[in-house]
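Trainee: Starting off with a structure, shown below.
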DNA sequence: GTCTATATACAGATAGAC
DNA sequence: GTCTATCTGTATATAGAC
């Protein structure tokens, strides 16, 4: 916990960069070292194995996820609208981390899948009091999942939103009418 | 086109099995050959490279996707309900194929991402006449994406639905009320 | 804390027998 | 059409100098 060294964090950033740009298959230790601007030996000083790198980014997601959720719950525009807005990618640190972990999960990493499911469960708990019933809660969660999935599909970078601002506002209004 | 040899199809099935169970990273030529019950040489007779295997499963998805869409459009329960029901996994051949291609896409395969996006566009066209406006159309598409994403998350197998029948029926009713 | 050099393993793909 | 054997590249990880 305490505070991780700067160098470690920037290696982790580089790892996310490569996974987001080219997928987990391309995120070799060599590629990550190159992206981080260190040698492979330098990388391995901070993360003794590829597994350690993956674990670290999964932990990073969970801790950033908790912070994000606190923001959503406290938002003046209301939890549902804030949650939906947070579900479209803006290339924030948390966006980058969750896309990375999603890709690891799809690639067969069971630890990543579990962490995502746990995070999703916590979000569900947070939003439950803001929805009129379980069906409405599922609607909100699934629309959010859909937004994430679509954004995560594009390779090359974290894409901007597929919906423009007006379309997103209309969608939020529709979901709130249906679910709040 | 015409009709592909039986052996080829069963190799393709084995490839899907491995990708669904353990992710693209685990789907080595050796592992696929083992799952298909042939030697590596035998596998390579049917698919000269790993790339050929991936291309074949992507084509399979596109052709199965068109058939699925025709069923949805012609369904007596209405296109939206049929579409949503088709979005939860029942371990059909099409379900298995689309999960496989989704995983390839997340793993950084640009051809897979493009094929998925094209299929999604065609579905959007099909459903547009059945929704009251663009916002409603987006709602339907995103809920469907969310259902797929959640199902695709689980490793180990194509999971059963997270929602029971009643919950799904209620969700469909809510979406139809909001969107149809 | 970062580097170079290297050991080890395994992937994808080829060659050619049957 | 399916097999075994093998080549070649590349990935992870270690050893140890600076």
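Heads up, the Cβ atoms here are built off N, Cα and C, so glycines get one too.
Keep in mind it's a predicted model, so treat the numbers as computed, not measured.
Residues or ranges marked as DNA-binding region in TrEMBL: A:28-47. Taken from TrEMBL, the feature domain 'HTH tetR-type' applies to A:5-65.
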Trainee: Take the domain 'HTH tetR-type' (A:5-65) and count its residues per DSSP category (helix H/G/I, strand E/B, coil), listing them in that order.
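Mentor: Each residue of the domain 'HTH tetR-type' (A:5-65) counted once, the result is 51 helix, 0 strand, 10 coil.
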Trainee: Take the domain 'HTH tetR-type' (A:5-65) and average the pLDDT across it for me.
Mentor: 97
